[in-house]
Every structure is written in structure tokens, then in C-alpha cells.
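Engineer: The structure follows.
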Amino acid sequence: MNKQPAEFAFDQESEQQIEKILAKYPAARKASAVIPLLYIVQNQMKRVTKSAWVPKVAMVVVAKRLEIAPVRVFEIATFYTMFNLEPIGQYHLQVCSTTPCWLRGSEDIVAACKKVTGIKEFGQTSEDGMFTLSEVECLGACANAPILQVDHDYYEDMTAESTIELIELLRKGEKPAHGPMIDRLNSAPVGKKITQNTGAEDVK
């Protein structure tokens, strides 16, 4: 089955974003905007189809807009793993498995994701089309490990229980506030209260 669309065109919202982005570059250097435009493609596909990905025909459209060879766009789109080259689920579950998250239990997060969605391996999409599960490298929020990224949002300090609860809410069409899933402010020490004058104090 061919999942690739026959055509692609930027919608009005995307065109407005492109105008702002290209204004940041000299006319002779607009080819530098490949990555931002690919992100715009992926976000538009998410809005329109509920699946964030970059079709091949859209890469050609980006190449024409930036007046570069299509192969230059293909090179970038296929190099960076944040660009999805095939349709994915409505929600992209991305689990960090590098050392800090692994030490804090990322394997439990992966197991919970598989249990609730029915997904067997990384890179697969659930039968209902709701979820795609991916393994990712460090997300840069190690103080709040383990991390589960859903689309663009970080859910931090996760447990198997909070992962299952989150996925069940997503399945119902609800998206909880992202950030720490335990009682702490941002990356503040667990069990500490941050005050303006004295810094971190033990919570009593």
C-alpha cells in the first residue's frame, strides 16, 4: 500500500510561518532554512492528518521554495531522526533510554508503553493508529529522569503507573499538563522547597 500522497501544498498557517522564517535569512542564504521548513511540513501533516511526518512530495516542495536540488532536502530529512518519513500514530511516544533515564527506570516506562498500546517493538504503531513508540537518545532533562516525550512535550519523573495513566488519558482525547509528574518545581531537588532568600530547604 502506497502511503505517500500524490501532492502537497503549504496551507495558510504554514505560509505565515515560512514568511517569518525566511525573513531571518539573507536572500542568498535561504537554503539554510531547510530544517525549519521540514518542521513546518511535519507540523502541518499533524494538523491535517493527525500524523506528524514528512512525505517525499513535500520535500520536493521545500526544495522548490528554497531553490535547491531536492536531493539536498532528502539528505537532511533522512539524516535527522526527528523527521518521520512514514506516517506515525496520533501520539508519538518517545522514551529516553540513555544512562540517566535507564538508571531511573526507563525500562519500566518502555514496558508500560508496550503493555497499554499493544506495541511489540520500537518503531511500531498501535493497531488503532493512536500511538507510535520510539527509543530516543538523551533529551537533555536528566535531572528529571526518566523522561517520556509525547510529540513535543516532556513528561518527567515518570513511573510505570504514571505512564499507563497518561496513555489512557491520551486515548480518551485528554492531554495532561506536561512537566514533572511528582511534587517538585521544574528541576528542583525532590523533597526540597525553593525560597528566594535561602535557596533549597527541606520540606517539613
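Cβ coordinates come from backbone N, Cα and C, glycine included.
Annotation source TrEMBL lists [2Fe-2S] cluster binding site at CYS96, CYS101, CYS138, CYS142.
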Engineer: For CYS142 ([2Fe-2S] cluster binding site), what is the secondary structure state per DSSP, taken as helix, strand or coil?
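Structural biologist: In the DSSP reduction, CYS142 ([2Fe-2S] cluster binding site) maps to helix.
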Engineer: Out of CYS96, CYS101, CYS138, CYS142, which of the binding-site residues has the smallest number of neighbouring Cβ atoms within 10 Å?
Structural biologist: CYS138
Engineer: What other residues of this chain sit with their CB within 8 A of the center of the CB atoms of CYS96, CYS101, CYS138, CYS142, the recorded [2Fe-2S] cluster site?
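Structural biologist: What remains near the Cβ centre is SER97, THR98, THR99, PRO100, SER106, GLU137, LEU139, GLY140, ALA141, ALA145, PRO146, ILE147.
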Engineer: Three states by DSSP: which one describes CYS96 ([2Fe-2S] cluster binding site)?
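Structural biologist: The residue in question, CYS96 ([2Fe-2S] cluster binding site), is strand (DSSP, three-state).
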Engineer: According to DSSP, collapsed to three classes, what secondary structure does CYS101 ([2Fe-2S] cluster binding site) have?
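Structural biologist: Going by the DSSP assignment, CYS101 ([2Fe-2S] cluster binding site) falls within a helical segment, counted as helix.
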